[in-house]
Amino acid sequence: MIWLIARREFRTRALSKASLVTSSVMIVLIVVGALIAKPFLESDGDAETIQVASGPTAALAPYLQAVAAAQGTDVEVIEVVDPATDALDEGVAAVLTGAVTQPELFVDSADDAVVGLVQAAVQAAALDAQVEALGGDPAQVSQALAGSTAAVIVLGDADGFDSGEFFAGFVVILVLFFVLVQSASVIMMGVVEEKSSRVVEILLATVRPSTLLGGKVLGVGLYALMQAASLMLPLVFAAVYLDLLGSIGISVGALLLNFSVWFVLGFALFTVLFGGLAALVSRQEDLGSVTTPMMLLMMVPLYLAIYLVPNSPDGPVTAGLTQVPFFAPFLVPMRLAFDAISPLEVASAIVLCLIAIPLFVWLAGRIYAGAVLNTGGRMRIADALRRR
Amino acid sequence: MPALVIDHLVKTYGDVRALDDISFTVEAGELFGFVGANGAGKTTAMRIALGVLRADSGTVTWDGSPIDLARRSRIGYMPEERGLYPRMKVGEQLVYLARLHGMGRADAERAMAHWTEVLGVADRRDDAVEKLSLGNQQRVQLASALVHGPEILVLDEPFSGLDPVAVGVMSEVLRGEAARGVPVIFSSHQLELVEQLCDRVGIVRSGRLVASGGIDELTALERPRWTLEADLPAAWTPGVPGVTAARVSERMWSVEAADAAAAPAVLASAVQSGRVTSFVPNRPTLTELFRDVVAEPEGEAA
Ligand SMILES: Nc1ncnc2c1ncn2[C@@H]1O[C@H](COP(=O)(O)OP(=O)(O)OP(=O)(O)O)[C@@H](O)[C@H]1O
Ligand SMILES: [Mg+2]
């Protein structure tokens, strides 16, 4: 029975033209965006080409390569007979000609990184030449140079604000927030639609109010999950394809798992409650009187997660609120991103949410059952609970 | 024989006593017409019978046991405020509702095809309900009450908004269902229709059942009346104890007695005084009965 209801909800949402169009447009945008962005993002990491004139200058090539390797930049050194020096060839960063110790460097602008690189290479070549002239072994010298580094001891706060972690947690709870707000509104609109079109009365003649509400939440939930997945998958594809995640240092798997667990828990907690509250009004126009407080209410845990967690990832207030089901869906993912929560805390937050869900369902079911057949103005919660 | 028994229902809304200890029984296979002024409590009683509303006290039983969820899904219900998903297709919607009542997919499809055919909306199956005219939406609404092969039918004003042809179709359908052994209870303000269609009628006033029974029984309960057509002096009186006569027009008299047995004496008196062309008993229509019962002073109207 509950599946029949869920299926109808799912189908009416998923098969609606608007939904199909939006989803496909988003997917196409993300994928095409990634495909177009790739060459631009990559041109930065491309190897710089330095043309070295054949002849004496060519002796600089190994030094250029060594310096580039030490600096961690990618440089391609090509030996060219009589390179063009009045204008650089396409894709060429610099041209080097002349004697090893006093070469001439042609570049587009003097502050190119390539200038410093060539400078260092020329000095290294000169140093080698001098060492050899003095009868020493250049290899030994460079080894000694490489070996003498200072040990760095950082005295500042080691747990500095990590923007990568913050970003990962932020994305998860922000997506969660928007998906929840959107699904809650879809459910609320559905509840009011049934109420204003008065189908509820024939539905309730054969279905329990809680089953009806539950089926709705389930159907819309699956739809929202599918929609979220249809956005997340291309996003993840884009991120992997563009190699964005490497720089954040968070694994995609953990991010998705984190998201899905709290999506399901948060979904059950919030949407059930808001579905129940939606039954308090009878017309779409009055829905605002329920949705506005809902949005404000949901912003509380969102802002706590954004402002409290980075400042005090494992402080007592944060730890305490983490265990409150209403806040957990936002606080836990954020703290997980900061790696500031113990597995035990996560487990107990999940268990508490699992206990709270039936209570929320019961409460929402009561409100829903009491209010759903009431027509006319907005009903008060207390009246709805007393009703029937 | 199973029966739907409404037993001492009480329902109050604040100060309003919507149902004031109402009781009646509808036997299987019986068409029960439920009439009463606006606000008398018909809808409230039907909603309670359906279980969408809870009574303050009293019970509703079918075949001796209370109506629980399983049994409720065997009831066909047409609410007063019609409701279907406006944007869902007629066929899809009926199949969905049938399945919510526990029918399998194939059976539901078959029932949907059957009832849309019978009720004349077969060619609208693929249209969204909101695209249908009011009367056709009404037909779909009735189909939704019938599609799951209910064991009890509770219909709140099923005839309002229907054209005469549709009224005929709907009446036939209700008769057919009753013949199948289904108790049918429906409310209506179209009293001629109720009179033609129903086996029994219940009249409610201010939440109380003030009259109930077969049409004949109910109308016979009233003071007997006759219409007398005769050439009589204007000052004529029947001269029988307990009998009054009023001159309606030149040759028409309306005679009322406490007892039907007074008829021969009245006729004899009239024949003696002049030429009588006709003397017929005058059964009140349900409408008249309704007016009498509802107008009787007793408490304030809701
Ligand atoms: N939700 C409600 N809140 C308060 N009073 C109500 C409510 N529903 C019904 N009533 C009251 O209960 C009484 C009976 O109403 P009901 O709808 O049962 O009448 P009805 O016989 O169906 O009338 P109608 O012929 O107009 O449909 C009325 O006095 C009405 O005002
Ligand atoms: Mg009514």
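Including glycine, each Cβ sits where the backbone N, Cα and C put it.
Noted in TrEMBL for the protein shown:
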DOMAIN    A:19-364  domain 'ABC-2 type transporter transmembrane'
TRANSMEM  A:20-37  transmembrane segment
TRANSMEM  A:166-192  transmembrane segment
TRANSMEM  A:213-241  transmembrane segment
TRANSMEM  A:261-281  transmembrane segment
TRANSMEM  A:293-310  transmembrane segment
TRANSMEM  A:346-369  transmembrane segment
Take a look at A:20-37, A:166-192, A:213-241, A:261-281, A:293-310 and tell me which one has the most Cβ pairs under 8 Å to the transmembrane segment (A:346-369).
A:261-281
Take the transmembrane segment (A:20-37) and find every residue of the same chain, 6 or more past its ends, with a Cβ under 8 Å from one of its Cβ atoms.
14, 227, 230-231, 234-235, 237-238, 241-242
Mind checking which residues of the chain, 6+ beyond the ends of the transmembrane segment (A:213-241), have their Cβ under 8 Å from one of its Cβ atoms?
1-10, 13-14, 19, 23, 26-27, 30-31, 33-35, 38, 175, 179, 182-183, 186-187, 190-191, 207, 252, 256, 259, 263-264, 267-268, 271-272, 275-276, 361, 364-365, 368
